[in-house]
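Heads up: the structure comes next, in structure tokens.
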Amino acid sequence: MGARGSNLIAILVLIAASSVIVGEALTPQYYWQSCPQVQEIVRNEVRKKINETVVTIPATLRMFFHDAFVTGSDASVIIASPNNDAEKDSSDNLSLAGDGFDTVIRAKKAVEAACPGVVSCADILAMATRDVVALSGGPNYTVELGRYDGMVSQAGLVDGNLPLPSFNLDDLISMFAKHNLDMVDMIALSGAHTVGFSHCTRFTNRLYNYNGQSGQIDPTLDSKYASQLQGACPTNVGPTIAVNMDPFTPITFDNVYYTNLINEFGLFSSDQVLFTDTRSRPTVQQFAANQSAFFDAFVSAMGKLGRLDVKTSANGEIRRDCTKFNQH
């Protein structure tokens, strides 16, 4: 065979290989033919759920983050194990609000009625997350689709893979870097704390026992805000008592979170350190002054988050029920 024939075969091989890659890649157009109405179906279900309870907003957003950081964006966090040993059973995930799970389960049911066996739970979670952000005042961004659902969900895989409220900047940078997320991505994703709530037990060490010193309040916390938090979270506070992450606009997705950090109203140490550390402070100041800059950075970081360890037909499935593996 001549050189021209060999080159033609090589080109055809490359085209075939590219077709395989494209077929498994994420794209906003993934369901245009197989389930063209999926985006509208999911958003309608999310809107109905938010109308029932605004907890849907932070619950869904937080669940997307917790899912992606452990085995990738594959809806493995939604699996319910009869042995209580799935991801959602990890101590770090027990505080995930049930409204986030319910949002995806409801949307999946509605999507299955229109397009059975076509749309993954992982993609529904990604779309629902975008929708809770948009419907609460945040950016309405394009979601890449084509994920398959993961085949593994183990509580033991969660340990050490989620940021803690006590993290300093080096801890945060290191954990996000493991997922190819840089410091700006991390600061933008932390802005999700502009909505939602936290249980008092996650931060009371800053109010009563800072650095192990009894009666000591974290000096990076505004003193009046600390007093308000002490009123809501006494020393013997129960595990179910919670306060808003953002005391000013707790159900609106905006950049007030960053203004709060500048004014020493960060609820977690891992929030406030973004301003107290001079390495991250300029980005906090930028986002506080320019909401569009925050939104742009958030959308970029969410895109990266949604691409983490995406499953394909080779190592995933399209679950019929988001809470169960198909073979079970």
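Cβ coordinates come from backbone N, Cα and C, glycine included.
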Which candidate, CYS233, CYS322, does TrEMBL give as the disulfide partner of CYS121?
CYS322
Sequence-ordered recorded positions within 10 Å (Cα) of HIS193 (heme b binding site), taken from ARG62, PRO163, ASP246, are ARG62, ASP246
Same-chain, non-site residues whose Cβ lies within 8 A of the THR194, ASP246, THR249, ASP254 Cβ center for Ca(2+) 2 are VAL195, PHE248, PRO250, THR252, PHE253, ASN255, VAL256, TYR257
The rounded CA-CA distance in Å from CYS121 (disulfide bond) to SER76 (Ca(2+) 1 binding site) is 9
Among HIS66, VAL70, SER76, GLU87, i.e. the recorded positions, the one with its Cα nearest that of CYS322 (disulfide bond) is SER76
Relative to the Cβ position of ASP67 (Ca(2+) 1 binding site), how many further Cβ atoms are located within 10 Å?
31
